[in-house]
Amino acid sequence: MYYFIGNLALCDLLAGVAYLVNLLLSGEKTLQLSPALWFVREGSMFVALGASIFSLLAIAIERHLTMIKMRPYDANKNYRVFLLIGTCWLIAISLGALPILGWNCLDNLPDCSTVLPLYSKKYVAFCITVFMVLLLAMSVLYARIYILVKSSSRKVSKHRNSEHAMSLLRTVIIVVGVFIACWTPIFVLLLVDVACEQRCPILYKADWFIAVAVLNSAMNPVIYTLASREMRRAFLGLVCGICYRGKASVNGSGNKQSLEPSRSRSKSWSSQNNPNQSQRSSRQAEQEKEADTAHGEVSVVAGGAAQAAHESDRKD
């Protein structure tokens, strides 16, 4: 699962970088680009966004296979995970490379898209169809996951599993809802672009629609991290561990100085909460005191005897 999340984060990071590069090379600089460079500029965004969407589908497939206990991998077969991730990137790169390979409108300018010049309207319609199919597949998979969890919750503990099912439902609603909210505007705009035969003013505001679609890539890591209890605990543990180490390094000397008082307090607490141990300690102290007293008396007697013997020797 962590490989998929990491791959999704990488896709979203590349999507953000590609979007910034697109902004820097837009405007007047667009006219200075050759057709090949223009295809590379736009294709990089298509590849990154496509890989992000395919990664979402891969995560949905992995969760579904996990729920039905037919995992495509185990601890000794991680190559299947990398195979699935590699397939996502291969499809995304192939989809983004189609225009530069020849599916464009350079030989048929009336067929060019307004939002994406040099892209054929047929290619744009094809991409919309692919992304719609992906959205439908994700919706079906998450719906089946929820149904499986809901049915299993009736067989075991009702309260705990019902809470788990509702938590999963909220996650599904957030994931699919954010995807639909971010991508629907650009899908609708591209559909208008494909259907519009004359000048449509809304098509010249495409930058705002593209920015909303890229926003989905920025939100995906947050959603999948905060929606997973295990990953949320790992993230909080990492943050707390860093904060604790920093605090310990700053207050290291203070902790050493306060070590002895803490020990005395611990001893006092232990004596208060363990009366038997306190009684044993007092008895041991009394025995030691008596032994010291006896030892002192013996020393005094021995000293007196030695002094008397010395005086008798002097008299003789």
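Each Cβ is built from the backbone N, Cα and C atoms, and glycine gets one as well.
Residues annotated as compositional bias 'Polar residues' in TrEMBL: 250-261.
Residues or ranges marked as compositional bias 'Low complexity' by TrEMBL: 267-282 (among others).
Per TrEMBL, compositional bias 'Basic and acidic residues' is recorded for 283-295.
Taken from TrEMBL, the feature compositional bias 'Low complexity' applies to 296-309 (among others).
In the three-state DSSP assignment, the secondary structure recorded for CYS112 (disulfide bond) is strand. Cβ environment of CYS112 (disulfide bond): CYS105, LEU118, TYR119, SER120, LYS121 lie under 8 Å away, each six or more residues apart in the same chain. According to TrEMBL, the feature disulfide bond maps to CYS105-CYS112 (among others).
Annotated disulfide bond per TrEMBL: CYS196-CYS200 (among others), in sequence order. The number of other Cβ atoms within 10 Å of the Cβ belonging to CYS196 (disulfide bond), over all protein chains shown, comes to 15.
Among the features that TrEMBL reports, domain 'G-protein coupled receptors family 1 profile' is placed at 1-224.
TrEMBL lists 250-316 with the feature region 'Disordered'.
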CYS200 (disulfide bond): tally of other CB atoms within 10 A of its CB: 14
Predicted model, mean pLDDT over the domain 'G-protein coupled receptors family 1 profile' (1-224): 81
